[in-house]
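To start, the structure under review is shown below, and the notes come after it.
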Amino acid sequence: MLLSILYIIGITAEAMTGALSAGRRKMDWFGVMLVASATAIGGGTVRDILLGHYPLGWVENPHFLAITCIAGIITTGLARWIIKLKGLFIRLDALGLIVFSIIGTKVAMGMGLHALICIVSALVTGVFGGLLRDLICRQTPLVLHEELYASVAIIASGLYLTLLEFGVHDVTATISTLVIGYLIRMAAVRFKWRLPSFHLEGEGSVH
Amino acid sequence: MLLSILYIIGITAEAMTGALSAGRRKMDWFGVMLVASATAIGGGTVRDILLGHYPLGWVENPHFLAITCIAGIITTGLARWIIKLKGLFIRLDALGLIVFSIIGTKVAMGMGLHALICIVSALVTGVFGGLLRDLICRQTPLVLHEELYASVAIIASGLYLTLLEFGVHDVTATISTLVIGYLIRMAAVRFKWRLPSFHLEGEGSVH
Amino acid sequence: MLLSILYIIGITAEAMTGALSAGRRKMDWFGVMLVASATAIGGGTVRDILLGHYPLGWVENPHFLAITCIAGIITTGLARWIIKLKGLFIRLDALGLIVFSIIGTKVAMGMGLHALICIVSALVTGVFGGLLRDLICRQTPLVLHEELYASVAIIASGLYLTLLEFGVHDVTATISTLVIGYLIRMAAVRFKWRLPSFHLEGEGSVH
């Protein structure tokens, strides 16, 4: 129930960030709705396709899709105002990331899959929306360069699985994961925590 | 039956436009066949994957795939001639868009899905082939910038669903949708009807 | 059994080439693991999604995913050394291509699909990993421009199917296909065999 409300807040916020990317590419309203929806529910869609988990969430509940399309269009009118709320959106995005990770973990657990695949499921749910947005808008995928993001999805999923493993009640595990995951993500943004990155110069290639 | 013939005309024409894009990227014959097939049957493929509608059309009927590959290769020999037929291809593309939209609507209806998902199914069938072409050829997706295209798929699908809802016979509904949808698309091209677009300048970002 | 060992060698080598591409894009460790895994097991994943062949290989056997992630990370430490082994990697890539093609053919045969779809299945398994790598790293897909690659997958798959058709034992057919396919690919690299390519100049467009 809590998770459902947070999920709707999460997809709305993600849809708005997607719409802003579409605006930077001067897309029309259809493009705005497409990028908004791909950003918000693309991660869950890729997860369900990879796991063979049909029907997809938004096929069963078309109102999720309606929400992301409407959030995208509203963003076109409020863009200047939304950009000023950068701090709020970073917080909502952090919250969305943890909510998506918990939902991804639950879906894979419900299918009886290996713990490693539960974590991958969380990762895909949390990260692939943003990847799709950046692919469609032809910009360098942020998640592959910036502060800890994918790692936070992995940590959140691992924490949630561990708590359940130790017999913690689902509600307690969910709330603990939400709080701790959110704080880790916000700390990563504030202190610019990053994974090591791999720079390879020159034309060296094995192809 | 009519729809089957129009479908084959549609995928042939779409395969040819895909092959021309591949040629602009100096691809080899495999690239030409890949882009031709993705353009022509990629929309239906994405639709079937999203809806979990297996087996895919071209897996069940491999001759559709053979048609798109052959159309792609023939295009490499006739490119100069085809480019001169621009007017014909705009008409065939408009026809294909409506045919794909009707087929997409029918597939989702046949699975008992919500009307909103039937319209999304039409949209994906009509539009995602061109999106895949533009992604593989690394060009800005036309459908997100140009004259009404996705909107025509939505209108055609909505019209077809409404006619059936009012008890119109399937053949009559199909032909009416074909004629009206085609005329709307051609009018959009001629009069440059566009959706409002969303231009966001500067580096403002919420990420 | 032989095929399983060669498969693991193949995905390891492909993961390493993927990691090098990620390094050229200055990605972080997550990006490295993503591109390594997409390159190595992305082809099989796309194939299984297209054929509706669930569960995916790496969902059932998560250690394949672990191998590609670890191979990717190891590559970040050994990059200079790996680049000097260009000759070895070209050989491993050729071997991997044939192994992937045979596995792709077998999967589609096991589902009772048409011979043409078995060949497409081999092609997708062999080629789409590299395509995904190039899409994520935003580089021009090599497979659409370079020496025979996709064609080798088609030839290997066709040869394997033909041998089985003539009653040759599976082990003999597999080994023959491996040897002949490998030699054709290496000859294509050495003698720069290419498919004809299609160059279309100017702004001529049918859209």
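Counting begins at 1 with the first residue displayed.
Placed from the backbone N, Cα and C atoms, the Cβ positions cover glycine too.
Note that TrEMBL annotation is computational and uncurated.
The feature domain 'Glycine transporter' is assigned by TrEMBL to C:5-77 (among others). Break the domain 'Glycine transporter' (C:5-77) down by DSSP state and the numbers are 63 helix, 1 strand, 9 coil.
Annotated transmembrane segment per TrEMBL: C:64-83 (among others), in sequence order. Within the chain carrying the transmembrane segment (C:64-83), a Cβ under 8 angstroms from the stretch's Cβ atoms is held by residues 8, 11-12, 14-16, 18-20, 22-23, 29, 32-33, 35-37, 40-41, 57-58, 89, all 6 or more beyond its ends.
The annotation transmembrane segment is assigned in TrEMBL to C:88-107 (among others). Non-local neighbours of the transmembrane segment (C:88-107) in the same chain are 3, 6-7, 9-11, 13-14, 16-17, 43-44, 47-48, 51, 53, 82, 118-119, 121-126, 129, 149, 152-153, 156-157, 160-161, 174, 177-178, 181-182, 185-186, 189; each lies 6+ residues outside the stretch with a CB under 8 Å from one of its CB atoms.
If you look up TrEMBL, you'll see C:92-163 (among others) marked as domain 'Glycine transporter'.
For C:113-136 (among others), the entry in TrEMBL reads transmembrane segment. Residues 14, 17-18, 21, 34-35, 38-44, 46-47, 50-51, 97-98, 100-105, 107, 142-143, 149-150, 152-154, 156-158, 161 of the same chain, all 6+ positions outside the transmembrane segment (C:113-136), place their C-beta atoms under 8 angstroms from a C-beta of that stretch.
Marked as transmembrane segment by TrEMBL: C:148-167 (among others). Beyond the transmembrane segment (C:148-167), the same-chain residues lying 6 or more positions past its ends with a Cβ under 8 Å from any Cβ of the stretch are 94, 97-98, 100-102, 104-105, 109, 115, 118-119, 121-123, 125-127, 130, 142, 173-174, 176-177, 180-181, 184-185, 188, 193-195.
Away from its own ends, the transmembrane segment (C:173-191) comes close to residues 2-3, 6, 90-91, 94-95, 97-99, 101-102, 147-149, 151-152, 155-156, 159-160, 163-164 of its chain (Cβ-Cβ under 8 Å, at least six residues beyond either end). Taken from TrEMBL, the feature transmembrane segment covers C:173-191 (among others).
Taken through DSSP, the domain 'Glycine transporter' (C:92-163) splits into 58 helix, 0 strand, 14 coil.
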